Amino acid sequence: MRIVFVGTPEFAAEILEHLIKNGFNVVGVVTQPDKPRGRGRKVEPTPVKVVAEKHRVPFIQPESINKKEALEFLRSVGPDVIIVASYGKILGEKVLSLPSLGCYNIHPSLLPKYRGASPIQRVLENGEERTGVTIYKMVRELDAGPIALQREISIDPFETFDQLEKRLIELSKEMSIEFLEKLKVGDIELKEQDHSRATYAPMIKKEDLIVDFSKDAESVKNKIRAYDSRPGARAFLGNDEVKLFGVTAIDSSGDEPGLIHYIDREGAWIGTGKGMVKVKYLQLPGKKKLTFWELRNGRLIEEGMKLEGRYES
């Protein structure tokens, strides 16, 4: 079975590496163009490109997978199936109809819930207790195709984005093998999604990262862990936009939204609209993240200061 793999970030790269190491015949790879990344804005290859080069798999990086050059590449490698994971661009009808066995996407949510670009962050932000991975056959509508395989996991109350993403990657790797083995022998049963239950996980905007301390402690906790460690939940300390990481506890007592009540070695208790949250790390502009304890000892932060959740474009 000839496989073309389509994806871009680390999530996809780990799945691709797993397929190749397990002997699957990946005949081609499509990934997004290299882009400037990080503080230095240095152009870096996508993680999927790195894996393709390592294993000498032919790859392309088109601006659009639906243009003539990309379609010619796909036809030349002749896939039986196209596997997509976190590609970041829409596949058109010509691509979807090209492989004889279809195109399948590996999506980190329990579809039809959380269709879209940011399902991991949104399930955490919304305080969901369960999530999972869905492999479905792709159709023109975003994340709306019939389901081939779905697995569910529970979410820890203080689990961060990084931690949950890691577990979902491992689950996706296991499921990709199971799915392709079943596809190889024609043992796939597709189940239509219940479109009336669909919810959406839109692309993250800068304003989504702002912590609103007037909300209750549970909501503030969920906001911080949803963007820990990247790109980081934001607030203002005076005129400085800072990032918050490592929420470790909540308490029903306390108020004064944004007020830093108390700092110890384990973090800072910060007031919310209802209760308090304990946060371990803060990152000042242009600096590495430090514990609140280190910042207090360095006289950069003290009890009684206030964090504000305002948005400045």
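Backbone N, Cα and C define each Cβ position, glycine as well.
As annotated by Swiss-Prot, (6S)-5,6,7,8-tetrahydrofolate binding site applies to Ser109, Leu110, Leu111, Pro112. In sequence order, Asp143, Ala144, Gln193, Asp194, His195, Arg197, Ala198, Thr199 are the residues near Pro112 ((6S)-5,6,7,8-tetrahydrofolate binding site), counting only same-chain partners six or more apart with C-beta under 8 A.
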Which same-chain residues, if any, lie at least 6 apart from Ser109 ((6S)-5,6,7,8-tetrahydrofolate binding site) yet have Cβ under 8 Å of it: Arg115, Pro119, Ile120, Val123, Thr131, Gly132, Val133, Thr134, Ala201
Among Leu110, Leu111, the one of these binding-site residues whose Cβ has the fewest neighbouring Cβ atoms within 10 Å: Leu110
Env. residues of (6S)-5,6,7,8-tetrahydrofolate site, Cβ within 8 Å of mean position of Ser109, Leu110, Leu111, Pro112 Cβ: His107, Lys113, Tyr114, Arg115, Pro119, Gly132, Thr134, Asp143, Gln150, Gln193
